[in-house]
Protein chains: 2
Amino acid sequence: MYDRIKGFRDFYPAEMQARRQVFDDVEDTVRAYGFREIDTPTLEPAEMYIDKSGEEIVEELYSFEDQGGRHVALTPELTPTVARMVVAKQQELSKPIKWFSTRPFWRYEEPQQGRFREFYQTNVDIFGSSEPDADAEILAVAGDMLTNLGLDQSDFEFRVSHRDILGGLLETFDGDIDVREAIRAVDKSAKVEQAEYHDLLVGAGLSYEQAERFDELLDVDEANLDELIEFAGTERIEDAVTNLQNVLDAAEDFGVREHCTLSLETARGLDYYTGVVFECFDSTGEVSRAVFGGGRYDDLIESFGGQPTPAVGFAPGDATLSLLLQRAGVWPEEALSTDYYVLQVGDTRDVAARIARDLRASGNVVETDVADRSFGAQMNYADSINAETVVIAGERDLENGEVTVKDMESGDQTTAPVDAFPGEHDRPTYDDFA
Amino acid sequence: MYDRIKGFRDFYPAEMQARRQVFDDVEDTVRAYGFREIDTPTLEPAEMYIDKSGEEIVEELYSFEDQGGRHVALTPELTPTVARMVVAKQQELSKPIKWFSTRPFWRYEEPQQGRFREFYQTNVDIFGSSEPDADAEILAVAGDMLTNLGLDQSDFEFRVSHRDILGGLLETFDGDIDVREAIRAVDKSAKVEQAEYHDLLVGAGLSYEQAERFDELLDVDEANLDELIEFAGTERIEDAVTNLQNVLDAAEDFGVREHCTLSLETARGLDYYTGVVFECFDSTGEVSRAVFGGGRYDDLIESFGGQPTPAVGFAPGDATLSLLLQRAGVWPEEALSTDYYVLQVGDTRDVAARIARDLRASGNVVETDVADRSFGAQMNYADSINAETVVIAGERDLENGEVTVKDMESGDQTTAPVDAFPGEHDRPTYDDFA
């Protein structure tokens with residue numbers, strides 16, 4: 001009668017249980033590093049994105065005028081919001097500020113595999129440190145997150161680049177070059193043919209020769225990064241190369257170096273990045289797009305009216321992350337789990353409800369009949385929710401002061417004294433009474 | 001530079017930590033009853049609410065036309081969405097369907113204490129049982145939720161009513177009565193003077209005499225519910241009274257009867273309720289509005305094009321629930337907690353990072369320096385995040401193969417062999433090495 005809106009998703013319990021486990025694992029990793037949860041509005045002033053986010057996001061913005069005449073937008077990304085929040089309490093917050101949050105975002109894109117109009121991201125950011133250690137900690141928490149989800153080193157790689165190397169190289173070329181436009185071309189380089197990539201660079205103001213030279217330079221080996229300094233001869237490139245090397249050294253100490261490969265062709269789509277940027281890729285290439293990315297954005301807080309505050313972060317999204325976990329065979333099982341079903345036969349609701357309450361009090365997931373169903377219907381239901389143990393409160397058993405305890409996997413059953421169930425047991429099983 | 005939008009909220013870490021604990025406690029209770037988490041879209045067709053939710057919600061709807069010309073709305077409530085989802089998979093889902101989810105909703109209301117334009121609700125519903133046991137389980141999980149949050153019986157009460165008693169009594173009066181309108185008047189009765197309440201009833205088609213009589217009837221004692229049957233003499237009233245009594249009997253077995261009081265003046269604002277409805281109130285009256293409410297809505301699924309499917313549910317919201325918890329003094333402390341800060345003195349990053357990794361691997365929250373700060377600045381920061389233990393990795397200590405372990409509450413400190421830290425200890429403290 002009413003249809004779900006295109007690009008939006010309904011999550012039913014079995015799939016949601018798997019998603020919840022992944023969200024929890026991600027957040028447990030992030031919390032272990034001392035990132036603190038925040039929560040943020042769904043609507044923000046549309047101008048915030050028009051001013052800050054770059055044209056790609058603005059084209060895809062869900063924006064409208066609210067009943068009070070405000071031009072508002074459904075948040076397409078978190079960074080402008082956290083920048084606003086940092087600026088609002090800059091004096092009170094002790095630095096570095098380490099925040100995370102998991103929530104949905106919205107972009108009016110064409111839905112496809114791994115892309116929806118409503119998607120979830122866990123945003124993880126450090127504000128207030130320009131040190132390479134902060135970049136490395138972001139790489140480390142990202143790497144730990146993936147290994148804690150069950151991936152191993154051969155499953156993924158972080159392609160690490162540096163915006164200032166890209167920008168610094170571009171400014172060495174003669175001509176009227178639109179650096180933002182050229183960096184956006186780099187961001188697309190992996191997705192298009194080389195000729196088209198060069199055309200995009202030419203569109204940004206490079207000559208074809210410059211485009212080819214630039215392309216070659218970005219192909220440099222990690223061992224030969226100094227060649228870029230020699231080529232450019234500028235302090236900017238020297239600083240950027242040194243910074244990149246320092247981040248990789250810190251990544252070594254932080255235990256994440258093994259996941260990192262140099263890849264100057266990686267640029268990230270958003271305009272506000274300033275230093276190290278990285279993208280996570282499926283090593284097998286089966287998931288062809290970047291799984292997620294992140295990087296340093298040192299100028300954003302100041303551009304929001306705050307004091308200069310360096311920042312670095314990353315943001316895994318649910319749709320691509322699930323593709324990678326599925327590809328690697330570590331996506332959690334999509335199935336319900338239930339500790340007990342307390343089955344009622346005859347007028348035994350008072351006993352069944354008491355047993356259910358006691359079992360819940362020790363932390364178990366327990367259902368009992370709320371629909372006045374037959375023995376068979378209740379047993380089928382218990383099976384459908386994967387109940388491990390069924391406790392049968394039957395009128396006749398109860399006359400003898402007993403309930404029946406049935407192990408659903410083996411099918412074995414035995415009786416237990418109703419007064420001792422669960423008694424001292426936090427998690428009584430068939431074996432406790434057989 | 002950019003302002004947060006009116007009626008929306010930013011949650012910083014300390015407050016968020018308290019909110020997270022409350023959300024987790026609520027969800028733990030609900031999961032223990034076998035309710036399964038679902039997740040749902042933020043946008044739905046606006047028509048869904050215009051058709052189903054009643055005029056009050058529609059007036060407050062955030063709706064707009066998306067880039068594809070769809071008339072969409074930010075969901076003001078969950079029930080129409082879950083009805084849509086039940087209908088979409090009606091054949092596959094084993095009954096009863098027990099679902100929950102926690103997420104934000106949006107209504108363009110005037111912000112005031114306990115009311116925001118963006119608010120969070122945990123929706124909890126059972127589909128597929130018309131039995132009083134299902135109503136009672138909803139009351140029971142609501143009651144358990146509040147006691148698990150630290151409230152006791154004297155803190156709150158559930159005012160229980162029945163829509164069919166209200167509707168059944170109204171239809172016994174002569175005249176052209178708008179039953180929906182009259183029930184909305186009942187919903188407002190506690191918030192306005194008696195004279196205004198009677199005026200509202202008259203506006204719904206009752207005479208002043210009928211309004212007074214109706215008001216008297218709703219004041220009936222629990223022991224005298226049979227008087228309503230006598231007065232009305234209709235099967236509808238008889239069935240409704242019996243159903244209400246059966247729900248209260250089941251509530252006794254489910255351990256929640258003590259929280260319930262009969263209150264026929266309770267009606268709930270939404271149009272789609274059909275049977276038992278209830279609202280939770282602060283017993284002290286300090287929080288003057290209903291904390292949350294719920295009830296039975298047996299016709300909604302069918303009205304969405306599904307097979308007739310009885311339903312009952314409730315939905316606590318964050319804003320009023322926090323007022324009640326604060327009033328009762330059981331709102332969690334708004335403070336950060338941190339297990340370890342690993343302090344670096346000199347060039348000791350590799351050791352500090354290794355210790356931090358090992359401590360995280362056993363489930364601790366651990367921070368280390370990522371901003372190249374002095375000893376004093378790091379110690380102040382460790383204090384600001386309430387670190388329980390500071391582990392000092394100093395160049396000189398390390399020459400002796402040692403780190404310093406400092407208990408932040410007592411200020412006591414001792415040394416520990418770096419190779420044995422954390423070693424076999426999952427959670428090493430000062431006491432382990434003193």
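Each residue, glycine too, has its Cβ placed from N, Cα and C.
What TrEMBL records for this protein:
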| type | residues | note |
| --- | --- | --- |
| DOMAIN | A:1-396 | domain 'Aminoacyl-transfer RNA synthetases class-II family profile' |
| BINDING | A:E77, A:L78, A:T79, A:R107, A:Q121, A:D125, A:R268, A:Y272, A:Y273 | L-histidine binding site |
| REGION | A:408-434 | region 'Disordered' |
| COMPBIAS | A:422-434 | compositional bias 'Basic and acidic residues' |
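Location within the structure of each feature annotated in TrEMBL.
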| residue | record | contacts (Cβ under 8 Å, 6+ apart) |
| --- | --- | --- |
| A:E77 | L-histidine binding site | A:Y49, A:S53, A:I57, A:F105, A:Q121, A:L270, A:A315 |
| A:T79 | L-histidine binding site | A:N123, A:D125, A:L270, A:Y272, A:Y297, A:L300, A:G313 |
| A:R268 | L-histidine binding site | A:R163, A:D187, A:V277, A:E279, A:G293, A:G295 |
| A:Y273 | L-histidine binding site | A:R163, A:G295, A:R296, A:Y297 |
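Across the region 'Disordered' (A:408-434), DSSP classifies residues as 7 helix, 5 strand, 15 coil.
The number of other CB atoms found within 10 A of the CB of A:Q121 (L-histidine binding site), across every protein chain shown, is 20.
Under DSSP, A:Q121 (L-histidine binding site) is assigned to a strand (E or B) in the three-state scheme.
On the 0 to 100 pLDDT scale, the domain 'Aminoacyl-transfer RNA synthetases class-II family profile' (A:1-396) averages 95 in this prediction. DSSP assigns A:T79 (L-histidine binding site) to a helix in the three-state reduction. Counted over all residue pairs in A:E77, A:L78, A:T79, A:R107, A:Q121, A:D125, A:R268, A:Y272, A:Y273, the record's binders of L-histidine, the longest Cα to Cα distance measures 21 angstrom. DSSP classifies A:Y273 (L-histidine binding site) as coil under the three-state reduction. DSSP assigns A:R268 (L-histidine binding site) to coil in the three-state reduction, outside any helix or strand.
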